[in-house]
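Undergrad: Below is a structure I'd like to ask you about.
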């Protein structure tokens, strides 16, 4: 019986490890730096000497201005990941600003390394995500208004569409310093080199002319 609490402890530690995605930091701060010669610590990225860090390393001003939605999708995502915001390195979080023109769409995509929580600041958004094959590809969808919050589980395909007649604005938090983005249409039909038409015609059960047409399109990236 004495081994029972130990077994529970081992299970708890294993579960905590399984749920942790980004590695835990090994120091207070680890500002990412591109010059290894100036770095003294390594934890996922080369890190600036903490003694040389400044408040600017922990400040991101890229959300001040609206993103340019004058594009085929009518939307613009402004990311604040470790790539744009070095102070996030090892902290396991990131953010994004999402701007939408009326009718603007952030098309179906996934974040392979992060869960996303989104809050609507202005406007109306139709949002949703689709579960995996094991849960029958179930769609969970909701119309969100100012102040509403919605969460998109890690790795699942999701989208946001401005259904209002005015511009919409939302902010998202993600559970990784570098959650990644895979836009479904871009990845499938805009791959370089292209995926074989034999694969896509059979996968989508469509004529080769349709696949050729889709692969010939310009797939805009709104990130």
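In case you wondered, yes, glycine gets a Cβ from its N, Cα and C as well.
These figures come from a predicted structure and were not determined experimentally.
What TrEMBL records for 1-20 is signal peptide. For 30-47, the entry in TrEMBL reads disulfide bond. Among the features that TrEMBL reports, domain 'Cupin type-1' is placed at 61-212. The feature oxalate binding site is assigned by TrEMBL to 106, 111, 116. The Mn(2+) binding site annotation in TrEMBL covers 109, 111, 116, 158.
Give me the structural setting of these features: burial, nearby parts and distances.
TA: Packing around residue 106 (oxalate binding site) is summarised by its Cβ count: 27 other Cβ atoms lie within 10 angstroms of its Cβ, all protein chains included.
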Undergrad: Tell me, in order along the sequence, which recorded positions from 30, 47, 106, 111 have their CA within 10 Å of residue 158 (Mn(2+) binding site).
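TA: Candidates kept after distance check: 106, 111.
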Undergrad: Neighbour count, 10 Å Cβ-Cβ cut-off, for residue 111 (oxalate binding site): what number do you get?
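TA: A count of 24.
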Undergrad: Tell me the Cα distance separating residue 116 (oxalate binding site) from residue 47 (disulfide bond), rounded to the nearest angstrom.
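TA: Spelling it out, the Cα of residue 47 (disulfide bond) and the Cα of residue 116 (oxalate binding site) are 26 Å apart.
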Undergrad: Compute the mean position of the Cβ atoms of 109, 111, 116, 158, which form the recorded Mn(2+) site, and then list in sequence order the other residues of that chain whose Cβ is within 8 Å of it.
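TA: Those within range, site residues removed, are 110, 114, 129, 152, 156, 157, 179, 181.
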Undergrad: Express the distance between the Cα positions of residue 106 (oxalate binding site) and residue 30 (disulfide bond) as a whole number of Å.
TA: 32
Undergrad: Quick one: of 30, 47, which of the disulfide-bonded residues has the smallest count of other CB atoms within 10 A?
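TA: Per-residue Cβ counts within 10 Å for the disulfide-bonded residues 30, 47 bottom out at 47.
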